[in-house]
């Protein structure tokens with residue numbers, strides 16, 4: 001007999017699953033869904049195991065199969081990213097960042113990064129992990145007209161301040177950053193360049209976004225669950241030498257992790273193979289959809305930023321909603337209509353707590369099979385809420401609309417036949 005308190009919690013989980021999977025338009029730019037096959041194999045015995053150390057050199061016994069899967073995952077990521085070294089043990093993008101900072105920035109050193117209002121992630125800032133590591137920060141200049149790093153101004157700052165590490169990439173990321181140009185400057189002052197690819201990893205793997213390592217970055221850090229639609233986790237990929245890579249390995253373990261949440265390896269590997277097969281089509285559709293949504297919002301009288309530049313070249317759309325009460329108010333109103341976005345600071349904001357913007361990502365709804373026509377419908381739903389229509393009225397239409405898009409695309413299904421094929425090939429059904 002299952003205790004009542006467990007049933008109550010399970011009821012909450014089931015309500016959440018129905019709401020987010022079948023009834024809402026999910027536009028959080030940092031989320032996605034796995035394929036049915038990846039989800040099934042996300043549950044495995046690895047989830048209760050430890051494998052401290054590195055492949056072939058563990059501090060625990062019973063890890064021979066963990067080594068096989070981790071080695072396969074490392075090999076595939078290295079091939080796809082063109083990296084000499086890959087570490088998949090970080091459990092998140094932030095942990096990947098912290099380990100890299102710790103390994104490459106000396107005590108008392110500094111990094112140059114974008115402020116949060118210009119797209120920098122909290123882990124790039126002096127209110128996040130850099131503060132905990134006592135690493136000083138230098139602000140990279142921002143070119144508001146081009147919605148990107150100001151290369152000329154950055155050259156002056158970098159040559160003057162001479163940071164040990166320059167961080168590109170971010171959490172509000174509409175256009176590729178000038179990696180080649182910044183890498184050239186960094187080389188002249190002896191600094192490393194790290195590209196935080198968390199938001200665009202799937203676009204990189206899909207071939208629609210520049211590969212940072214090929215553009216001159218020394219290190220890629222990333223999560224594995226945004227435009228790359230795998231389980232939550234992190235990775236580090238570099239083209240550095242053995243000494244630097246060894247320092248990164250030591251920073252991952254024992255400094256920042258002990259357990260690597262091993263169960264995610266299998267689902268991450270499945271997702272990586274899916275992206276090799278279907279990733280270009282998926283990533284291309286994601287970028288098309290983001291641009292289509294931005295254009296449709298503009299036609300509805302809403303104000304996406306960077307119109308002169310074509311709004312976006314990633315999965316994201318940033319919208320100035322200051323005339324509707326700001327990002328905090330608008331995000332809450334849209335949630336009442338079952339449209340899920342997040343408030344987000346824009347470059348001209350003074351507060352990240354009460355920002356003027358919202359951030360939208362189309363990668364999950366694209367994963368459910370939506371295209372440009374559906375983006376136009378979503379823009380209409382958003383505009384109805386912003387014009388003052390009762391969110392409950394819009395919500396009814398959103399739920400009805402979403403019923404047509406509940407099957408995950410661009411990945412492997414998990415029918416009985418597929419599962420039997422997998423196990424039969426492993427001689428486990430005999």
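Placement of Cβ uses the backbone N, Cα and C atoms for every residue, glycine included.
Per Swiss-Prot, the features are:
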- 120, 121, 122: (6S)-5,6,7,8-tetrahydrofolate binding site (BINDING)
- 226: N6-(pyridoxal phosphate)lysine (MOD_RES)
- 225: site 'Plays an important role in substrate specificity' (SITE)
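Sequence features annotated in Swiss-Prot and their locations in the structure.
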residue: 120; record: (6S)-5,6,7,8-tetrahydrofolate binding site; contacts (Cβ under 8 Å, 6+ apart): 113, 114, 167, 170, 171
residue: 121; record: (6S)-5,6,7,8-tetrahydrofolate binding site; contacts (Cβ under 8 Å, 6+ apart): 93, 94, 97, 128, 169, 170, 171, 196, 198
residue: 122; record: (6S)-5,6,7,8-tetrahydrofolate binding site; contacts (Cβ under 8 Å, 6+ apart): 94, 116, 128, 171
residue: 225; record: site 'Plays an important role in substrate specificity'; contacts (Cβ under 8 Å, 6+ apart): 30, 31, 32, 231, 232, 233
residue: 226; record: N6-(pyridoxal phosphate)lysine; contacts (Cβ under 8 Å, 6+ apart): 29, 30, 31, 32, 198, 199, 200, 201, 202, 315, 361, 363
Using DSSP with the three-state reduction, classify residue 225 (site 'Plays an important role in substrate specificity') as helix, strand or coil.
coil
Which are the residues of the chain, 120, 121, 122 excluded, whose CB is within 8 A of where the CB atoms of the (6S)-5,6,7,8-tetrahydrofolate site average out, their centroid?
113, 114, 116, 119, 123, 124, 125, 128, 170, 171
